[in-house]
């Protein structure tokens, strides 16, 4: 398998981007992958310091210690990063994010970067968005999408935006699949419209991605 760094984004806020990132990291950790969350809002105090909930979830799920090196900016307010940073008087410096990413690359073979929501989430008001960060890192995207009603529209809009922006798609991950007939049709329609061949389906409650699936997805 020829691994490379990649950037995980979602079609919507609650599509399960962190859960999918966690399953991917769990499967790829043995290949010296590292997880990186550049900016996390909605953080909570634990042992006197702000803790990133996504990092906390991932490390507990995988069974490793919480790792401060997995996140650059931790913000308390549970709102978009640009607004949380304004409310808390914290200036987001993209150069710090870039430097952190480059430092991680020196220690690990590959990096799995998890964004904050979708492509148009602002990191710095009117200046810098998630899609800018993807372009800065020059990474292909793993797009996490749902399977429920509305998934076709959300997924196709994001795919079209990626194409317009010139951002490469590595593959799709259909998350939280429950085996309903309309989910099967939603997946079928998205794949037919997009002509995408590289995808994963994560079932509701799935705890791991098999080596066979990983090999196929990253081959």
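Along the chain as shown, residues are numbered 1 onward.
Placement of Cβ uses the backbone N, Cα and C atoms for every residue, glycine included.
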One of 95, 102, 114 listed by Swiss-Prot as binding Mg(2+) at the site of 18, 54: 114
Check: same-chain CB within 8 A of Mg(2+) site center, minus 18, 54, 114: 8, 17, 21, 22, 35, 37, 40, 55, 57, 58
Other C-beta atoms that fall within 10 angstroms of the C-beta of residue 14 (ATP binding site): 10
Secondary structure of residue 54 (ATP binding site) (DSSP, helix/strand/coil): helix
